[in-house]
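Data block below; observations after.
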Amino acid sequence: MKLAKRVASLTPSATLAITEKAKELKAAGHDVIGLGAGEPDFNTPQHILDAAIKAMNEGHTKYTPSGGLPALKEEIIKKFARDQGLDYEPAEVIVCVGAKHALYTLFQVLLDEGDEVIIPTPYWVSYPEQVKLAGGVPVYVEGLEQNHFKITPEQLKQAITPRTKAVIINSPSNPTGMIYTAEELKALGEVCLAHGVLIVSDEIYEKLTYGGAKHVSIAELSPELKAQTVIINGVSKSHSMTGWRIGYAAGPKDIIKAMTDLASHSTSNPTSIAQYAAIAAYSGPQEPVEQMRQAFEQRLNIIYDKLVQIPGFTCVKPQGAFYLFPNAREAAAMAGCRTVDEFVAALLEEAKVALVPGSGFGAPDNVRLSYATSLDALETAVERIHRFMEARA
């Protein structure tokens, strides 16, 4: 059957593709270490699991309002006030089936055919695909490695055209782990305000920061920036709830209303049980969040030091999220590979280590390595990469 043109140009997720390949090799009996996962390796905290069981036992298994349970919206509003000093009303918040769905719904209600969305590179793999599905045009602005993968106000200004509708800011970043400072965000925000460009602020990794770095939301810097920003967030990364699929968006009422109307015709509502679990995530103890953050920071410090000792790898030390994003161009050449993609494929085939090629993130010289797995597995993986390089060099 002939499929719709809008899906013909879709690029499959690089992260999911490598994860599936690793699973296939494992199923065939190979000892594969997968470092492609974009999710914490910890279980969801117990008080959240208990809240979900309680909700089921109390019969909270029916439809909810399309925009989310009022009680969950209230907890999200309290979270914004507590963490960023931001004041939102229920009509300015929508609960979605994960942060990915919040982004998808936002672009569907925001973009007309040919509207442009500025996407800094390296980027999360789904940004350009979601923009294209909504009829939009991704416009890439390169975040240079020597600038810690951050874009400058001058770069942003040069990329804006009469068709520019929005810019995506992802801090802490997937895949690089970089974090914009308040001063850097303010400078980018001033450009957006001057040109009437909506800011889409993806803050899903906000709780995962290291080395004293702090997450700042661009919306908290001024009332004007708040009015021109849609924040995307969720409980997936902070509370190890990736499979529960609860994310949300907060922003101008007209945008949130349009998103809610669209959601009523697509998903009806996020899963009721997961919403009750998310209420417990935000209203309950936050110690598990900090414990996970500390574990990730310990892994980062150990594995970063080991990785940069491998010939051919250079890496900007990340300040957040749970990924390393080293430049592997020289390593690939030393291993006799023409491209980094070929290098990643050889690593999986010969060393049984699954990394994600940076080409899927708009950075073909890099690879993404997730440290959201056990320290033993990480150290073994780096040892295998080292041995692979020694054998190939």
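Quick reminder: no glycine exception, Cβ is built from N, Cα and C everywhere.
Here's what Swiss-Prot has on this protein:
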- G38, W124, N174: L-aspartate binding site (BINDING)
- K237: N6-(pyridoxal phosphate)lysine (MOD_RES)
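Feature map: Swiss-Prot annotations on the structure.
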{"residue": "G38", "record": "L-aspartate binding site", "Cβ contacts under 8 Å, 6 or more apart": "T15, N174, T242, Y323, S370, A372"}
{"residue": "W124", "record": "L-aspartate binding site", "Cβ contacts under 8 Å, 6 or more apart": "N170, N174, P175, D202, F361"}
{"residue": "K237", "record": "N6-(pyridoxal phosphate)lysine", "Cβ contacts under 8 Å, 6 or more apart": "E39, P40, I204, Y205, K207, L208, A321, F322"}
Original post:
To test your reading of the L-aspartate site: which residues beyond G38, W124, N174, same chain only, put their Cβ within 8 Å of the Cβ centroid of those residues?
Top reply: T15, V125, P175, A321, Y323
Original post:
If you draw a 10 Å sphere on the Cβ of N174 (L-aspartate binding site), how many other Cβ atoms land inside?
Top reply: 26
Subject >> Residues G38, W124, N174 binding L-aspartate per the record - widest CA separation, whole Å >> reply: 11
